[in-house]
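Have a look at the structure below before the remarks.
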Amino acid sequence: MTTNTPLLKADHVGIQFGGLKALSDVNIELYPGELIGLIGPNGAGKTTFFNLLTGVYEPTEGSIVLGNEKLNGLPPYKITRKGISRTFQNIRLFGELSVLDNVKVAYHSLARHSILSSIIRLPSHFSGEKEIEEKAIEFLKIFKLEGFMYEKAKNLPYGQQRRLEIARALAAHPKLLLLDEPAAGMNPQETKELMNLIAFIREKFNLTILLIEHDMSLVMGVCERIYVLDHGQLIAHGTPEEIRNHPKVIEAYLGEEVS
Amino acid sequence: MTIFKRINGFWLSMVLAIVFFIVVQLLISRGILNSFYINTLFYMAINIILAVSLHLIIGITGQFSIGHAGFLAVGAYASAVMTMKLQMPFSLALLAGGVTAAVAGLLIGIPTLRLKGDYLAIATLGFGEIVRIILLNVDYVGGASGMTVTHLTTWPWVFACMLIAIIVIANFTNSTHGRACISIREDEIAADSMGINTTYYKVTAFVIGSFFAGIAGGLYAHNFYIIQPTNFGFLKSFDILIFVVLGGLGSMSGAVIAAILLTVVSTFLQEYPETRMIIYSIVLILVMLYRPKGLLGTQELTSFFRLRKAVEGGKQNDNKHTVA
C-alpha cells in the first residue's frame, strides 16, 4: 500500500432525496494503485455512492476530490475526462453497436477532428477515424475480444458482455476504475476468470480500482482494504481479515445475534 | 485500405446519382415527363430531405421529436418572405430558410432536450403547434389565407438539396460524432459515463435536422404557389415520422425508401379520394405487421452487399438508392 497523497478523497459526503437521507457522512480515501472493496447489504447506498463519484447525482453535503480537483457539480462526461470511469450493475452496453464501436465510443473524447471536418470529409477526419479504429482494435486484442469485433454487443454471451464493459470503461483512460458488481450473475468459473482479469488490468494499466461486490470470495480474495456501508453510513473499514470478524459487519449481514 | 473502398463506393453512387439526375433533366426539358410526374418527383425529393433530417434526430440520436412540420413551416415562411417581400434570389432564400429553422431548432432544443421520450415528444408537438398558430396570426405573412409564392423550385435545386442533405447526414453519422449520437440513443447514462457531452450532441443533431427541414420548407414553399399555416399541422409531422418509423428506426436508406414508397402510394391514390386514406393506412398496418422493425430494421441497404456487418447508423453510399 502506498502512503502518498490520496487519489480520491470523499470528505463527509452525503446525499438527500427529498426527506430521505440515502448517504451521510461517508469518508473514503483511495491511494494510487490500490484495489478497494465496497460492500454492504442491499439498499445500503453503494451504487448511490458510485453515482455521486461519477456525477450522476450531486452530493448535497461534503466534497469529492480527485487528485486536487473538486468534482462536486461537474457533469458526468467531464468527470470521466478527468479520470474516473465505471461499469454498471445491470450491463449498459450500446447493444445495437458493434463490439468495436462500443470501444470506439470511449475514444471519442480523444478525437480531435471537428464535426465540420467529418461532414465534408477533410483529411483530418480520415486520420482521426483511423487512429481511433487502430487504438480500439489494439485494445480489443488485449481483452481477447477481437474475434467478436463486428458482432453486435447485445449478441455477446453474458460473461463477454461484462468483459467488454470493463474494456470500454478502461478505453476511456481512467485513473480510477469503478466496478459495480462485476461478478453479478456469473458462475464460479466466470468469477474466477474475472478475478484474473481484474488482477491483470490493474497491473497493465496501473490503475486504482474501487469494487462493489456481493461475492465475498471475490472481495476477500482480491481487495486490500474494504469499506462497509449500511443504511447509508460507513460502519466499518479495514483489511479483509478485520472486516470478516468485525461485529458490526456481522450484524449488518446476519442480523443481531440472539443470545 | 478500407478508406479507398469507401471512396470508391461513394464515387460510384455519386456517378449513379448524377446519371439519374441528367436523365430526368433531359426528360423534363424534352417535355416527355408531364407536370404530374414532375411534381411527384419534386414532392418525393422534398419528402426524402424531411425523412433523412428526422432520421438523424429520431433514428440516430434517439430523440423522439414529433414537431418536424414546425421546422418545415419556419423554413417555408422564412424563404418565402425572402423572395416575395425582400426580393432576394432563390439560393439565398433557401439558405435563409435553413438557417432560420436551425436557429429555431437551437432555441427549442436547448430547453426541451433535457426531456426524455414521451415528454420530449409532447414538447416538440407543442412547438409545432405554436409555430402554426403564430403564422396564423401574423398578417405580414398573410395569416390564415397564407402567402402566394412564385414557382421557383426546379429539378436541379431539388436534386442538389436532396443530395447534400443525404451526404451531410450520412457523413455525420459515419464518424465519431455520429457514433456519439448513436451511443446516446442506445444508453444515455452509459454515453455520459463514457465522456460524451450528451447535451451537445443532442442539440447538434437537432440543429442539423432542423436546418435541412428548413431547406425542405424553402423548396416546398416555392413549389406550390401558395403556403398556408394549415399545410403545416401536426398531421404533417406525423407523415414525416411515418417515413422514419416505416423505413426502420436507425436506417437512413430505410427512411429514403419509405419516403419514396409512401409518396408514390399517396400520389397515385389521389385518383381514388374516397378510399385513399383507408388504403394508405392499410399499407402502414401491413408493413408494421410483417416488418415490425421497419422495412430495413436498423440495417442499411448497402450492408446487404458487404460481408462485414455494418452496424453504424448510415453509410455514405446511400444516395444511389434515391434512384427511384
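Backbone N, Cα and C atoms are what each Cβ position is placed from, and that goes for glycine too.
Straight from TrEMBL, the features:
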- B:7-28: transmembrane segment (TRANSMEM)
- B:40-58: transmembrane segment (TRANSMEM)
- B:65-84: transmembrane segment (TRANSMEM)
- B:90-110: transmembrane segment (TRANSMEM)
- B:117-135: transmembrane segment (TRANSMEM)
- B:155-173: transmembrane segment (TRANSMEM)
- B:200-220: transmembrane segment (TRANSMEM)
- B:240-265: transmembrane segment (TRANSMEM)
- B:277-296: transmembrane segment (TRANSMEM)
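Contact between the transmembrane segment (B:65-84) and the transmembrane segment (B:7-28) is absent: fewer than three CB pairs lie under 8 Å, with pairs separated by 6 or more positions in sequence. If you count C-beta pairs under 8 angstroms between the transmembrane segment (B:277-296) and each of B:7-28, B:117-135, B:240-265, the highest count goes to B:240-265. Of the recorded ranges B:7-28, B:40-58, B:90-110, B:155-173, B:240-265, the transmembrane segment (B:117-135) has the largest number of C-beta contacts under 8 angstroms with B:90-110.
For the transmembrane segment (B:90-110), the neighbouring stretch richest in Cβ pairs under 8 Å, chosen from B:40-58, B:155-173, B:200-220, B:240-265, is B:200-220.
Below 8 angstroms of C-beta separation, residues 40, 43-44, 47-48, 50-52, 54-55, 58-60, 66, 68-69, 72, 166, 169-170, 173, 182, 185, 279-280, 283-284, 287-288, 291, 293-302, 313-315, 318, 321-322, 324 of the same chain, each at least six residues beyond the ends of the transmembrane segment (B:240-265), sit close to that stretch.
Long-range neighbours of the transmembrane segment (B:40-58) within the same chain, counting only residues 6 or more positions beyond its ends whose Cβ lies under 8 Å from a Cβ of the stretch, are 24, 33, 64-65, 68, 72, 153, 155, 158-159, 161-162, 165-166, 169, 172-173, 181, 205-206, 208-213, 215-216, 219-220, 223, 240-241, 243-244, 247, 249, 251-252, 255-256, 258-260, 262-264, 267, 314, 322, 324.
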